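Listed in TrEMBL for this protein:
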- 1-54: region 'Disordered' (REGION)
- 83-171: domain 'S1 motif' (DOMAIN)
- 187-258: domain 'S1 motif' (DOMAIN)
- 281-346: domain 'S1 motif' (DOMAIN)
- 365-436: domain 'S1 motif' (DOMAIN)
- 453-522: domain 'S1 motif' (DOMAIN)
- 542-611: domain 'S1 motif' (DOMAIN)
- 634-705: domain 'S1 motif' (DOMAIN)
- 727-796: domain 'S1 motif' (DOMAIN)
- 1034-1107: domain 'S1 motif' (DOMAIN)
- 1148-1222: domain 'S1 motif' (DOMAIN)
- 1230-1298: domain 'S1 motif' (DOMAIN)
- 1324-1396: domain 'S1 motif' (DOMAIN)
- 1351-1370: region 'Disordered' (REGION)
- 1395-1589: region 'Disordered' (REGION)
- 1417-1441: compositional bias 'Basic and acidic residues' (COMPBIAS)
- 1521-1530: compositional bias 'Basic and acidic residues' (COMPBIAS)
- 1568-1589: compositional bias 'Basic and acidic residues' (COMPBIAS)
Amino acid sequence: MAAMEESFPRGGTRKTHKSEKTFQQSVEQDNLFDISTEEESTKRKKIQKEPAKTKKLKVETRESSKFVREKFEILNVESLCEGMRILGCVKEVNELELVISLPNGLQGCVQVTEICDAYTEKLNEQVAQEEPLQDLVGLPELFSPGMLVRCVVSSLDTTKGGKKNVMLSLNPKNVNKVLSAETLKPGMLLTGTVSSLEDHGYLVDIGVNGARAFLPLQKAQEYIRQKNKGAKLKVGQYLNCLIEEVKGSGGVVTLSIGHSEVSAATATEEQSWTLNSLLPGLVVKAQVQKVTPLGLTLKFLSFFNGLVDFMHLDPKKAGTYFSNQQVRACVLCVHPRTRAVRLSLRPVFLQPGRPLTRLLCPQLGAVLDDVPVQGFFGNAGATFKLKDGALAYARRSHLSNSKKTFKPEAFKPGNTHKCRIIDYSQMDELALLSLRTSIIEAQFLWYHDIKPGALVKGKVLTIKPHGMVVKMGRQIRGLVPTMHLADILIKNPEKKYHIGDEVKCRVLLCDPKAKKLMMTLKKTLVESKLPAITCYDDAKPGLQTHGFILRVKDYGCIVKFYNDVQGLVPRHELSAEYVPDPESVFYAGQVVKVAVLNCEPSKERMLLSFRLLSDPKQEYEGQNQKKKKAVSAGQLVDVKVLEKTKDGLKVAVLPHNIPGFLPTAHLSDHVTNGPLLYHWLQTGDTLHRVLCLSVSEERILLCRKPALVSAVEGGQNPKSFSEIHPGMLLIGFVKNIKDYGVFVQFPSGLSGLAPKAILSDKFVTSTSDHFVEGQTVVAKVTNVDEEKQRMLLSLRLSDCTLGDLATTSLLLLSQCLEERQGVRSLMSNRDSVLIQTLAEMTPGMALDLEVQEVLEDGSVLFSEGPVPGLVLRASKYHRAGQELEPGQKKKAVILNVDMLKLEVHVSLCHDLVNRKAKKLKKGSDLQAVVQHLEESFAVASLVETGHLAAFSLTSHLNDTFRFDSEKLQVGQGVSLTLQTTEPGVTGLLLAVEGPAAKRTMRQTRKDSETVDEDEEVDPALVVGTVKKHTLSIGDMVTGTVKSIKPTHVVVTLEDGIIGCIHASHILDDVPVGTSPTAKLKVGKKVTARVIGGRDMKTFKFLPISHPRFIRTIPELSVRPSVLKEDGHTALNTHSVSPLEKIKQYQSGQTVTCFLKKYNMVKKWLEVEIAPDVRGRIPLLLTSLSFKVLKHPDKKFRIGQALKATVVGPAVSSKAFLSLSLIGPHKLKKGEVAMGRVVKVTPKEGLIISFPFGRLGRVSMFHVSDSYSETHLEDFAPQQIVRCYVLSAASPVVTLSLRSSRTNPETKSKITDPEINSIEDLEEGQLLRGFVKSVQPSGVLVGLGPSVTGLAQHPHVSQHNQSKKAPYDRHLPEGKLLTAKVLRLNHRESLVELSLLPGDTGKQDALSAPLGQPPPKQEGRETEAAERDHKGRAKEKQQQKQKERRTRKGQEGAQPPSKDKKEPQKPQAKKLGKRPHPESSSEQEIGNKKQKKAALSEEDDSGVEVYYREGEEEVEEMSVLPKEKLKKPAEAPRLQLSSGFVWDVGLDTLTPALPPHGESSDSEEDEKPEQATKKKSKKERELEKQKAEKELSRIEEALMDPGRQPESAEDFDRLVLSSPSSSLLWLQYMAFHLQATEIEKARAVAERALKTISFREEQEKLNVWVALLNLENMYGSQESLTKVFERAVQYNEPLKVFLHLADIYTKSEKFQEAGELYNRMLKRFRQEKAVWVKYGAFLLRRGKAEASHRVMQRALECLPKKEHVDVIAKFAQLEFQLGDAERARAIFESTLSAYPKRTDVWSVYIDMIIKHGSQKEARDIFERVIHLSLAPKRMKFFFKRYLDYEKQHGSEKDVQAVKAKALEYVEAKSSMMDD
């Protein structure tokens, strides 16, 4: 209580009501509905923002849209609260509760005691009497599904799993308590329940205090007659009542429940409704205030506002609402605190009292693929659009497997997901979906999915005395009774089964209504292969099956099967021998094999026998013979598939189940469809209209060929030779194939021979080439011999034509496709997601695919996407010459689905992907291109539209042979006659092929001649036979313009020859911006000169001498200059190859080109310069205007002439010229160019990419003319920027974005001038810079890219600070400061600054500490401080001096890192680790600095040496994936403390300058010779003293142990003194790396390995790790492997493996890391550390399932004594990186098995304290202190509990723990006394 009072202090005199308290506590959370306050706040925000006009408008629109989204956020469980009034619909009625569907997919429960007080009294009375009351009826009689009810939320309970249960009340006292008797008015519509039956009517409980409501009998008669089926109203019956009359100020109310009056009731202003008293279900007249995409705001009852979310708009009127529109609406819910009202405009709610009709979803349980997201609502969930256009909704908890894996960005509108329909919301009339993998993959969703006899899998939930509860799915629980836990009765089931075990059961009984599921685990029943009896109709006499004995009686045994079916085994059938006492032989629960003797389904009686026949066939053979006689040859029967054999199907002829055989070849008339049907037919499938060919003693032979079936039905089936005459046409099938001919059999059993001579119109080499066994054929009888019972047949097409070939062809095609469609329906019934997906895929369907692999043969494999195992393939032809890379997204069209190989053939051809919407006419002749070939039909695409059409390759059943020359090829042109104009279910148009003479050959292209991946060839030039011509180059021709394209004109010459005029050959001088092709008009006559010929197959220009020139398309010119020339001097350059032609263009040359198209994907303009010369203009080279780059399509028109400058051949394809519209793109110094941001590096600058792979770097000092701490935040990757080239000396160009450079004409104000060197500075100058780091000597401030100044501590602040912390707080890295230049040392490039307010005029850099006076003796104190930190400061200072000397020459060098917490440690970057990328936000950087020192041991193997702590990390430079740089120089680098940045390319760095002491010679050389004036003695003495001092200074410096090495010689001296110090060797390596001398660094490492003593294993290992890191960053995979193999030889192998795995992981080489771990698991399988590390690696990658499998494998491989430790380690990992719930489960399971493992308890306690709540921590402490452990261990746990309460609990909690400890001690001592 004390703690509560502190948190909620008492005060005031008024007693606070409970509901008001809840309002105060949660009002902040619930502003979801708080419309008015949000509106005010947004208005206020707008007013505040008005002055700041520099803000972009986008931000405001984003915020306003965010506000609208929040305002219309749909309801979720969190937004409900107690007391909320809401309209619901009865979904389910159970005996003790109602399930209510609420708006927005929510659901609640109403307990039986929440109906009304009168009903609850009756229930209590019944319980007291223990007898049912006559006038009390159950809930199913009072309520029916679909009924609308007004509810109030009574409570929100949270289950153990964290799920919230919404408990509702229908009690009128709760629903209508907002009303009082005085507020009741006639016309009000209320809900009430019947409380008692009186003489003249009913008393109705309307729940209003002080009001008695009466319903007269006459007012209830209509309702009783129409709705209640004439029965009187019952107590508790729920009614919608209309107030007719109010007497005595509401004391007495008369009601009416007439349907017409209730349904027309409307709430009006006269009824004085308020927001407090407004009830759900009321219908109001409203006016639309505002229309948004997410819903409407309405105004109703004059001055109330409400919301209508998109789910509750009228579906028929959605999208047509407008402001001020008058509508009728129904109140859905009213929030008691915020008073927010939600309404519905759905017509079904606008008639009160009318129940909802649509209560179920037909697709419930269906799994749907690629369902697109319609909208996402942060707190509630997401909506999806189903295929039929209907909306569906998934709650947030169902959008992902767990909260941790939830990614909001995956639910952007348009993204597709795989989901399952799990429920239906009646209130919203929409399906509810789930995206959880467990639900999608669940075998069953609801009880009605489970059928008795089915095999199911589940997990053991609990083991109870009456049986074992097994969890089958999300909401399905089943019971395995004790009797059914095994074949025999077991006493201790918990020893065999454990909680969480997966078990395989068979369903005994399933009652979906009662949610009752009974199963068996009896092994014999589960594994039985005999048919299961699930109903009495299944029990056919002679059937043998397994059952179990239910009861044993003296008259026999009662045997039970599935679904409560049972039968009797009489005593005489128990055994072959007499059984005197059945109870002594048999027992209940025994599994037995029985035979059915007799069954009477109508009486549910069955007689069984245990005396199984040795051969059941013998007994029933006689019966079968009789049954066989019931089937005769020629009869049509239905058959059921029993079994598949090698040659066909074993079937049962229905209805007598007579065995028969249906060969594969007889399943279809089409040879290819037979195996297809055979493959997909399953046991149990029924086939209708099957023809019986023959009945013999062995078997019945059947046939399903439609042609034979129709022949028999049509009477064309002669039974004897006497009925057959020569000339007759008969339909039969090939029985046998011999060399001399083919035997054909007919349905009646007669057969004849077709000799080889009359087998075909074509020459027959081999009979087997023409026909196959089982093939359907039409035969013409040529000769009959009745005596010998023989006949000769002809199978020639000329003899056997049945009619018009086109009709026959179409009939065969439609029949073939119909059968394939039947196969699809068989596939769709399969459980496999892959097969269902293939069944849904039809030709013509467009797919968005991702390239997986380009194979050697040129074909492309696409990734399977969401369906595992799906193979999508495009052949080389269908790749359409496109250059593809793995991971690239492409749009493709399905050509065909191979239903045997389960492959999908797709095409990337442009014409197919971009189909044209054009109306097609039936019977029209169209040109088409063959795209795919099957054995019996082909798929072609129409040239005009791109639609896919199928046409039969055969025009007759006998037409099956083709010579090679007659066979069609993919890509060949054909002429088709359309027979259908709309693609049916097959996805294909049906067509018939025209004459073979109209076929054109395929246009093959060699790779070298491939024009372009996006090249589109004009169909007018492609299809149609190219006529021969006699034209030669230079000829003058006349023709008519046929069609005009942007870059060429098609001309029809005399004799129908097609010619082409390129845009470059129309005018001599083309004005820029015009389209030359527009000068010519269709139909215009033109005179032209032939200038070349384009080959039809290769599209290559041929020389006139080429033999195929006469078959080319003439290339023409109408240029006036060309027409004037003599024919012999005309252009003959087209014989040169395009590659040679391109080489003729020089870089910098200006050309006129014509725009062909803008490639959106590649971001370039495609242009043509000449007919055979094409180019590309990268978008960035089209303009220097941002406006043009944003919308290039507005600036450039297709076909427009452009003046461009040649840059060179294209990088990606040498067959193109790279061009520029903004001059030569050379990136010289001083040039302005457009680039794209590749990467933003916080506190450093930008990386910019240019066309053709060049990269540039922008320092933070060159981003703007005015510095800002946040100006890098304005840039994002892919953003286009205008750059000025400062220097192009190195491969990475140095750039500036300052507007004074990029737009000098604007003369913008330069707040911060450029400081490129110390020469740009003047003493006394005021300027701004960024803090680089805080050093012991002072603050380093960056003034320019290569200029850094030092403000010594006395010049930083007026307040003396001895500690570093205030500097870190007030002067973080990157802070912008104003500084004054105090002194410049040009010789040493030193800049001394002051930050004092007196110098800068700005406020102090540090605020004064409290109570500390400003210092007086600044100088002395500083000196003293420096002396105190001598070792530290000296080494830092020398390092900084060296750095300042070298900094001037090192462009882009990074400032030194900040002072570390352990200054004694030398500052070399730890080579064993790789830097991580760091976040750009300052706050994160601050947090990282604090955390770095305490890195967890798990990140490190515990072997590596940390040389620095709190190290700040540098982001690696990343380059656009398409523009990979080949130079190793641009690889990411190590970072060193001395200010060297690995992001800079090696060749941009200058070697470090020699130290000051060494450079004296060069300085002397540079100085002019001093005058040779003789020095005086005094001067010489002074000079000598000076030299001696300098010498002693150098000696002192060399003796100083804290001195930092500055040269290779220094390092050599150091490593001689400490040869076994890996720290020094690593610094030495780093020194060389700083100077970019990688080979020298390698050499140092090798020296170190030879020098370090063999005893110093750890030191050597450190060097090996550094060398591995070096090779990983700069070496090749080969060099890394070599170093690794050597390291394994010389060190403990496991340590080396683990280090390399860490190196791979940190450099994000996850694939290599995974492979290495797999090697380790094979080599070190007994090392638990390896298993744990691999588990952690997988969890960090988000692969939780894989980690779980690793743990299982570890337990299999490791010895048992290690198991507990490994499990505990994995549980810890789960807590830190995975699922905390799973971690708890693992710990609980382990501790239940090993309760005395205190180490595991201790780790579990640590984890719970760290990751759990205080309640959980206390619970586990309570458990552990009640364990039975040794006193010493108990003392440890009590101490931990006490420490925990001291830290987290109150004094009271601490005392409670002490009391428990005392109690324990007393209990122990009393036990010892006893």
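Positions of Cβ are set from backbone N, Cα and C atoms, glycine also.
TrEMBL does not curate its annotations; it predicts them automatically.
Between the domain 'S1 motif' (281-346) and the domain 'S1 motif' (83-171) there are at least 3 Cβ pairs closer than 8 Å, counting only pairs 6 or more residues apart in sequence, which means the two stretches are in contact. Counting residues per DSSP class in helix, strand and coil order gives 10 helix, 35 strand, 25 coil for the domain 'S1 motif' (542-611).
Comparison of 83-171, 542-611, 727-796 by number of C-beta pairs under 8 angstroms to the domain 'S1 motif' (453-522) places 542-611 first.
No contact links the domain 'S1 motif' (727-796) to the domain 'S1 motif' (1034-1107), because fewer than 3 Cβ pairs that are 6 or more residues apart lie under 8 A. According to DSSP, the domain 'S1 motif' (1230-1298) comprises 10 helix, 33 strand, 26 coil.
Residue counts for the domain 'S1 motif' (634-705) under DSSP, helix first, then strand, then coil, are 12 helix, 35 strand, 25 coil. Taking every listed stretch (1034-1107, 1230-1298, 1324-1396) in turn, the largest tally of C-beta pairs under 8 A with the domain 'S1 motif' (1148-1222) is reached by 1034-1107.
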